[in-house]
Amino acid sequence: MKHVFDDQNLVDSIKKSKILLVGGGGIGCEVIKNLLLTGFSHVSVIDLDTIDVSNLNRQFLFNKSHVGESKAKVAANVAHKNFAHGEHIDVKAIHNSIQSQEYDVSFFKSFSIVINALDNISARSHVNRMCLAANVPLIESGSEGYFGQVFTIKKHVSACYECTGQRQDQRTFASCTIRNTPSLPIHCIVWAKHLFAQLFGEDDPDNDVSPDLSDAEVASQVNELMKEISNDKKPETTREWAQKNNYDPIVLFNKLFCIDIQYLLKMVNLWEKRRKPTPLHFDDLAKEHFTCQPSSSTSSEVCNGKTYSKLKDQKIWTIRECYEVFSESLKELKERFNKEGNLIWDKDDETALNFVAAVSNLRSHCFGIEMKSKFDVKSMAGNIIPAISSTNSIIGGLITLQAIKLLQNLKHETNDEKLPNNSFEDNAIKNNCKQIFLRKVSLNRPNLISSYELFDPNPNCLVCSGRVPEIDITLSLNEVLMIDFVEQVLFKKLNFVCPDICIDGTAKVIWSKDEADMETEEEREISKKKLMSDFKSLKNDVRLRVNDLLQDYSVLITLKDEKFDLNENEGLFYKIIINEGEIKTESKNKESTNEIKDEAEEAFEKTKMDSSKEDELLRTDQQCLRTNELNDISKIGEIAYEENSQEIICIDDEDEEDSEDIMVMAEYAGETMVTEVENGGDVETDNSCDIIEVREKRKVEENEGDFLLKKRRLD
Ligand SMILES: [Zn+2]
């Protein structure tokens, strides 16, 4: 190790420092291996999850025999066994949530560096706040498909995780879009999942699938439309209705895709500017064109002169096939429901997936929306962001490099609040640690990895600016339940974990997480039903102080009591206005994927202004790649991917005589395909394939040499 780093102080601090790794998944597995191979001797890994079969393709510390076990424990054991060399190497596993109250500020203070390898915003925000409160540097990371990002957060030195404003976890859709006017495949998929829940799952009125009369666009017609329903005896739930009809597939089919669609057509306002849906009756299914493949779905495709047959799950079903799958899965789910009770939708449950794929495609057909293959439905319905092992492996390498750079610059081994003599350290961190992006290669951006100076803290940040932020929240006190305010606004929107709500200026606690946790089952049932207006002190213009003792974080909220139409507010029952005070900067609000791209592009635009700086940045890139080679990411820089397709471009432009053709081996569902690529050429494999090897052709033939890229997994 000394030979590699040539700096005894650094070697010592690597050995001495204590690292907390939050997350033992795709990136976590890479990081723990890298840390141990680098010589770190005190690593704690915390993860709440257990190992699932679907993790095994990329979380390489795990194998089949570990399924169901704690990620943290297995990762710690396997990594220790394989990568720890030398004595006194201490790898701790914690099988728990990092958001648990046990892990307070003093717990965080006991570490030199915290590393986030998480997959959700709520936990990331929490660790961000804990590290700010404990004044411990945090390395934040993320990957999404071929994109990735790593950056260092140090209190008052660089931007924190929440400096860029509110982040959104998942896309949600207004109920009237789902129930009345879908226009995208995802709308029909969400509707199909709701139908599954209505028929076989836990009863949830939010998941209603019938035409929505509360849609503001049909307000003028409501009375007329209601009349029709009241003639039809008592209203019944979708499930009651289905049970009454013994889940008869033809009856259900006609109701869902014909009668309900005809009813929607009566809401004439909806179709003034939209394409009208077409009802689909069971008797229509025999018609010839419903038994043919849609033109977009051919059963084979040509790739590099060779023809590959498309796999079963990638074909788009005919309408007739959709009905057959619908009918079969309905029958099987009914039997399971009668035996097991409520079912939970799971993308890996073949029958449940078949049901959603068939139903969503039938609905798409009615609304003239593009139909999707079962494979596409699976990834859309499961909210699956593709996770790619090589992206995680590069990100894992970059995190480790950032950790080393941090240690080189953390001269003062103290966690005290910011002292004047720490400004040297702050500058050193600012100058040496980087904001790093992994993104697609294009002509004007030839490098896979770009690094930039850390962003400055946002003076208006709700979390790290040092002042208590003031927020106005508008909602209707007479209609909103306290539990919804706490769960949707405080937990989900503002990322609190353990809040107390007081009237500002008094010590009177109105609601407290601790107290709520102590309630008996009976008390909880009562609390659940309390409206905000049931709390006497909650009135228009009241100022609340919400304080999270665990996160050491407070927000002042002024409540504005006002009724408004939820449909005009994207279905949300509250509106938030953040009072930015006197300091004003450009506010940013981006969704996660775009954010990664946009930030990189923005930063890139800035550097283009100054070409000497760009050269410097490019040099840094190359250094990153070279150092990465030490980290078991061999020669990965020679292969580039295009976004959203598995296009591999061989960008090795060495002299003609050295050049080698490349072989790409890809696998899908056990079938292997091999494609050759000329040096400098490119290949596009099927989107759903898993690329398993990229290798020089001559070396494959002679059965020797390195893989340029190969999935690694330990036995
Ligand atoms: Zn911040």
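The backbone N, Cα and C atoms fix where each Cβ goes, and this holds for glycine too.
TrEMBL annotations: computationally assigned, not manually curated.
Some features that TrEMBL has for this protein:
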DOMAIN    10-425  domain 'THIF-type NAD/FAD binding fold'
BINDING   23-28, ASP47, 55-58, LYS71, 97-98, 119-124  ATP binding site
BINDING   CYS160, CYS163, CYS461, CYS464  Zn(2+) binding site
ACT_SITE  CYS176  active site, glycyl thioester intermediate
DOMAIN    475-562  domain 'Ubiquitin/SUMO-activating enzyme ubiquitin-like'
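Per DSSP, the secondary structure of the domain 'Ubiquitin/SUMO-activating enzyme ubiquitin-like' (475-562) breaks down as 29 helix, 27 strand, 32 coil. Taken in sequence order, the recorded positions ASP47, ASN57, SER97, ASN120, ALA123, CYS176 that lie near ligand 1, meaning a CB under 6 Å from one of its atoms, form an empty set.
Each of the binding-site residues ALA123, CYS160, CYS163, CYS461, CYS464 was scored by the number of other CB atoms within 10 Å of its CB, and the largest score is that of CYS160. In three-state terms derived from DSSP, ALA123 (ATP binding site) belongs to a helical segment.
Neighbour list (SER97 (ATP binding site), Cβ cut-off 8 Å, at least 6 residues apart, same chain): LEU48, ALA123. When the binding-site residues GLY23, GLY26 are scored by other C-beta atoms within 10 Å, GLY23 scores highest. Less than 8 angstroms from the CB of ASP47 (ATP binding site) sit VAL22, GLY23, GLY24, GLY25, GLY28, SER70, LYS71, ALA72, ALA75, ILE94, HIS95, each of them six or more residues away in the same chain. Of the recorded residues, CYS461 (Zn(2+) binding site) and ASN120 (ATP binding site) place their C-alpha atoms 20 Å from one another. A Cβ within 8 Å of the Cβ centre of CYS160, CYS163, CYS461, CYS464, the residues given for Zn(2+), is found for these other residues of the same chain: ASN128, LEU132, ALA159, TYR161, GLU162, PRO457, ASN458, LEU462, VAL463, SER465.
Comparing the Cα of CYS176 (active site, glycyl thioester intermediate) with the Cα of every entry in GLY26, ASN120, CYS160, CYS163, these being the binding-site residues, the smallest distance points to ASN120. When the Cα of CYS160 (Zn(2+) binding site) is compared against those of the binding-site residues GLY26, ASN57, ASN120, the shortest separation belongs to ASN120.
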